[in-house]
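Pulled from TrEMBL:
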- B:198-239: coiled coil (COILED)
- B:150-159: compositional bias 'Basic residues' (COMPBIAS)
- B:253-262: compositional bias 'Polar residues' (COMPBIAS)
- B:1-26: region 'Disordered' (REGION)
- B:144-166: region 'Disordered' (REGION)
- B:240-277: region 'Disordered' (REGION)
- B:388-418: region 'Disordered' (REGION)
- B:288-330: repeat 'WD' (REPEAT)
- B:331-363: repeat 'WD' (REPEAT)
- B:425-464: repeat 'WD' (REPEAT)
- B:521-543: repeat 'WD' (REPEAT)
- B:544-583: repeat 'WD' (REPEAT)
- B:624-655: repeat 'WD' (REPEAT)
Amino acid sequence: MPSELPYAADAEESLSFDELQVLRLQYEKEISQSHVTVQTTFNYAWGLVKSPMKDHQVEGVRLLGELYRNEPTRRRECLYYLGLGHYKLGNYEQARRFNNLLLDKEPTNLQAQSLASLIDKKVTQEGYIGMAIAGGAAALGTLVLAAIIRRAHK
Amino acid sequence: MTPRMVNAATISGKPRQVAGSSSSLSRSRVDFATLGRAPMRLGIGTRRITSRDLQIVEASEELLEAEIPEPEGVAQDVSLIRGFNATIPSADKGRSRRRQTRNVDAPRMGLKKLGMSARGLMVDEEEHEGESVASEEDVVMVGRPEPRGRNLRPKKKGRQSLSAGKVIGTDELKRQTHEIKRDKENLHVRKSLIEGEIKEISHKIQTLDNLRAKLQEDLLKLQEDELELDDELEGVKERLDIEESRSRPPKARTQQPHVAQSSRRRKGPAFLPSEHDELPPGVAFMSLTGHNGPITALDFSEPYGTLVTASQEEFAPKVWDLLSGEEIGRLKGHRSTVKCIQVEDHVCLTGGEDGSVRLWDLRRVDEDEDWDKESEIVSLSEIAEEEEVDEFGGRTKAKTNGSIRQGESEAGSVSEKEGPCVRVLEGHSKAVTALYFEDDCLVTGASDKTMRQWDLTTGQCVMTMDILWAISHPPTAGPGLFPGAAAAAGTFAVPTPPYADGTWDMYQDFVGAVQFWGYALMSGSGDGAVRMWDMRTGQPHRTLFGHTGPVTSLQFDELHAVTGSLDKSIRIWDLRTGGIFETLKYDHAVTGLQFDTRKVVAAAGENGLKVYNRTSMQHSTLITNGHTRPVQKLRYMDKYMVSGGRDSIVKVWAL
């Protein structure tokens, strides 16, 4: 049965501070009662991941990881969310691995496919930047070398 | 440039470590990609890599290894994101917005003030007009056909309903229907989430309940063990006293500790051969056959010692050696069935239907080679056992039970008894159905509805207690007894309820059981009453009512008395209050019982022996290799039990 998942764009929209606060309070209340439900944890984690702040995203991904570990029935969905979370953080390696696990199970899942393409795009982007830097570094390096050799010749 | 390159190199090194060996990416792309990330890390993002970051990356390694089962149950019905959308606070926004659209423009009535004052609260401030609205976009302007001027018109045309003047608009209404549908779906989602939670919690509670039940069982077990240890401690203390006194040379009489505890009251563990532990518990490992009729009475001196059993058909009880399981002799003398037996070491007392009580020395059974010899019956008046008096004080030996035997081996002149029978006590006119002796004191109960106390050294009857008199002159007015009691005046005969095999007897033993301790005597009689007598005065001072049938067996200790009767029940009485502590119901009449702090073992008219565990309140039955017809009598010491049944077989059990 295909999982119902949000597109990656949904992760870019963040909740308002108040809403996030409500989710945080709900989560903390359940912790104090020592019975945390899956839904509350997910709500809070997802709210954190959607937020633009890196710290929140990291915390969100951590909570999603715990959810993954504790609830075997929810793991398939969590694969997607973990992939999305790592994608936002910039850990493309991890993101790709999680997403690929999901695609193994559900090759026809649209959201997973779209996330895969997004990750690839980002990775190539960074690759270009990296190549540019490397190229620039190489260019500078040859210039310096040329300068030294010229000096040596003189 | 150089520092930047160095930095780029180090940073690219770290992510490479962390990423490990990737599966699908080529190495060059990884390098470039990580290099490309460098400017972001250095310049654009001022945030340092925290431990959290590394944590999640490391954790993800572990997570990727985990299995991913198929989703089922709640996970299948409600995906996480749906649950999210259903439970976030903004889910409720639609409803409040819709309510606002239904807000009717009504003249200000100061409702809040009214409400607050009705609740008894002070209304401090004047309110400002208009309620706050969640957000601008949700405010919908509704058309107002009536101008505000309507309020100024003084003449009232009669009130129209509040909703008459409002027109909301079809678009808005359509939007509202969609919203309501969505809200309903959200509600449904939330309901299923909660149901899933409830199921999970119920499951947890169930597991915890099971755990608790197990722990309670363990607790009961430990309590039982504690009781056993208490008994053992008492036994050990006694033994200590005995051995101490043995080591000391015999001194004046006054200093002697009471070394001879009746085997019925001894609580500590008995001395058993080590092989006994290897026996499986609850199994009858020895059967003694030889009797012809149902066993009527039995008792033994100690585990693997000497057993004396009597049956309906034979008038001479048989003596067995429990180590070998062989019959070593018979006690000839009675002219009728023997109804009750007690054995202490090598002293045996039997009471028979002929009304006589005989005292036997079991050591002399082997001497009696010629079983056909008739033993003489010496009547009370001829006995003048003065020489026994000097032996009276000789109690320094362990496990002595009075000096009766010593007197016999020395005397020889007056008491011309042959064979094991040492003495005959005559006095009762009808069958002696119950007896109990300790040291030199014997109490017997008979069908002539009296009880007699005897001194075993002299053989004299010291006192006679008339139960009939006690019935007609009760010390305190008690509740009525069962109808059979009225017949107590005449011959007492009550049919027993049928046993498990369908047979039944006419029960004619008026006194079912007696036991005493010091001066306190307790008797169970055919009128169903349990009486407590003071042996110094011979008067009953208390009667315990409760049984509705004749009492057949009785035993008491410091705290409780346990009585069994033909009314198919066993009652445990609290001796301090005189009230019933517990009642155990059985399917057939109870003919024999014995109890200790941890259990009550009963012969309840069935082939198996019923054991009741007092700490865990559980019943169990001993039936392995057991009797083939209902059990009649039983006796146990520590882990060794002997039982006799209507199948004429005596079985020995390991408990």
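Note that Cβ sites are derived from N, Cα and C of the backbone, with glycine treated the same way.
Below 8 angstroms of C-beta separation, residues 263, 270-273, 276, 336-346, 348, 350, 352, 362, 365-366, 368, 371, 420, 629, 632-635, 637-640, 642-652 of the same chain, each at least six residues beyond the ends of the repeat 'WD' (B:288-330), sit close to that stretch. Ranked by Cβ pairs under 8 Å to the repeat 'WD' (B:425-464), the stretches B:331-363, B:521-543, B:544-583, B:624-655 are led by B:331-363. Long-range contacts of the repeat 'WD' (B:544-583) within its own chain (CB-CB distance under 8 A, at least 6 residues past either end) are made by residues 264-265, 478-479, 481-482, 484, 494, 496-497, 507, 509-510, 512-515, 517, 522-532, 589-597, 600, 602, 604-605, 612. With DSSP states grouped into helix (H, G, I), strand (E, B) and coil, the repeat 'WD' (B:331-363) comes out at 2 helix, 18 strand, 13 coil. Counted with DSSP, the repeat 'WD' (B:521-543) comes out as 0 helix, 15 strand, 8 coil.
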